[in-house]
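All remarks here apply to the structure that follows.
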Amino acid sequence: MVIFGITGDLARKMTFRALYRLERRKLLTCPILGVAADDISVAELMSRAREAITATEGSVEDDVFDRLAQRFSYLHGDVTDAGLYRQLAEKVGDAEQPLYYLEMPPALFGPIVEQLGKAGLAGNARVAVEKPFGDDLESARRLNDRLHRVLDEEQILRVDHFLGKEPVIELEYLRFANTALSEVWDRRSVSAIQITMAEDFGVEDRGSFYDAVGALRDVVQNHLLQVLALVAMEPPTSAGGNELRDKKVEVFRAIPPIDVAHYVRGQYDGYADVPGVAADSETETYTALRLQIDNWRWYGVPVFVRAGKGLPHKVTEVRLFLRRTPPLPFLPKPAQAAPNQIVLRIDPDPGLRLQISALGKDALHPVHLDTLFAEQLGELLLPYERLLHDALHGDRRLFAREDAVEETWRIVQPLLDDPPAVHRYERGSWGPDEANKLVRGYPGWQQPWLADS
Ligand code: BG6
């Protein structure tokens, strides 16, 4: 496994921890070569790795860390320089199926893959690339074309860490292994869907990256649309590498480009003061939108998606509203129960909630049936742990395929072409008031299912 960008932020926050946990589970079997520009020794790299693991995992077991450290070697140089790839070729030697993992700025994906190709290193390789994959439909197509000049689609693994989150993976099983859920999971029973991704922190030290991107590109086009595809897809007919991804892309194909009239953008107060952000920035840190899925299962069911930074809580959830039962004369006033809601909490503390109505002393009350997956199912794998493992084994199911990436850009493209004005919102609020107009006539935005509620 060759990791480009091993001295970077992502490696520090995610990769070392994931590798350490895989090592602990005895799931790592290959040597690891780190590549980056910094002229450091492998000992220095490993001391940074230990620090990173301690900071993220809390503690380090020496024997596990030593085993991991023994796998590592390090190569430094300029990734656009052919000389680096000659050295790489010597190190990689005749590895049967190397995995190149590019934790690099997207502008370097093309140049690195081309260099791998020229050096004869791409033939039997797999290449995993981090997000973002393009910044609109046109650039995603160009990037796909560029990579395809060297690699087959089967060799490319586009990382979207949301696809490695256990509750997101769980969607496929919850939906299709349970009649209690599958029977209500369509337009006959569901009246609306809400997806919320709220973060209680701001852009902090990522100003210059974020200001060029904004919430729509950062988390909606990729993470949240991928989640939606799993919420809405038909059951895969086999466990094959492309089957699940075929089903997801069918959902995307049924989603028309989003109408800009159904799109709200917000920016939290103080965002423009973040280092790296333009003083007159119009970038959104909050986005809310409505889309539709024009297929047999979902026609007429509005899907609302909102995501934002500087909101009151960190929580990501999917919420389905079921249709109301009819008003019945024997029910206490008001004689119509609130609609049932099914909530899948993705973060934090993943779980499933069913909200039903029950008669208390003298009126109908919403009550909750909750399950927390960790309590019932044991410790869950971290997203990067699973994705790195799958990448090493060539299991492509949890990676975004070319057509899905292009479809999702097509869906959001009108919003990129013609973005409406941003509305300011107070940090710690639920975003601009305009977002409430979006849901008028439908169930309003709900307070998400929080850890202690
Ligand atoms: C990243 C975004 O892809 O996902 C960040 O760039 C965001 O802005 C992060 O905070 C959220 O990931 P998670 O796993 O913490 O929900």
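Including glycine, each Cβ sits where the backbone N, Cα and C put it.
Feature list (source: TrEMBL):
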type: DOMAIN; residues: 2-168; note: domain 'Glucose-6-phosphate dehydrogenase NAD-binding'
type: BINDING; residues: A37, D78, V79, K131; note: NADP(+) binding site
type: BINDING; residues: H161, K165, E199, D218, K309, K314; note: substrate binding site
type: DOMAIN; residues: 173-440; note: domain 'Glucose-6-phosphate dehydrogenase C-terminal'
type: ACT_SITE; residues: H223; note: active site, proton acceptor
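Structural mapping of features recorded in TrEMBL.
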residue: A37; record: NADP(+) binding site; contacts (Cβ under 8 Å, 6+ apart): T7, H76, G77, D78, V79
residue: K131; record: NADP(+) binding site; contacts (Cβ under 8 Å, 6+ apart): P106, R158, V159, D160, N222
residue: H161; record: substrate binding site; contacts (Cβ under 8 Å, 6+ apart): M14, H223, P383, Y384, L387
residue: K165; record: substrate binding site; contacts (Cβ under 8 Å, 6+ apart): I346, D347, P350, P383
residue: D218; record: substrate binding site; contacts (Cβ under 8 Å, 6+ apart): P132, Y210
residue: K309; record: substrate binding site; contacts (Cβ under 8 Å, 6+ apart): E199, F201, G202, V203, A215, Y268, T285, Y286
residue: K314; record: substrate binding site; contacts (Cβ under 8 Å, 6+ apart): A198, E199, D200, F201, D347, P348
Request  = Report the binding-site residues (A37, D78, K165, D218, K309, K314) that meet this criterion: Cβ distance to the nearest atom of ligand 1 under 6 Å. Use sequence order and write none if nothing qualifies.
outcome  = D218
Message = Applying a 10 Å Cβ distance cut-off over all chains shown, what neighbour count does the residue listed as 'active site, proton acceptor' have?
response = 22
Cβ atoms near D78 (NADP(+) binding site) (within 10 Å, other residues, all chains) = 9
Message = What's the number of neighbouring CB atoms sitting within 10 A of the CB on E199 (substrate binding site)?
response = 20
Query = What number of additional C-beta atoms lies within 10 angstroms of the C-beta atom of V79 (NADP(+) binding site)?
reply = 18
Key: Local backbone state of A37 (NADP(+) binding site), from DSSP in three classes   = coil
Task = Please report the DSSP secondary structure of D78 (NADP(+) binding site), reduced to three states.
result = coil
Task = Give the helix, strand or coil assignment DSSP yields for K309 (substrate binding site).
result = coil
Key: Where the record names A37, D78, V79, K131 as binding NADP(+), the maximum Cα to Cα distance in Å   = 21
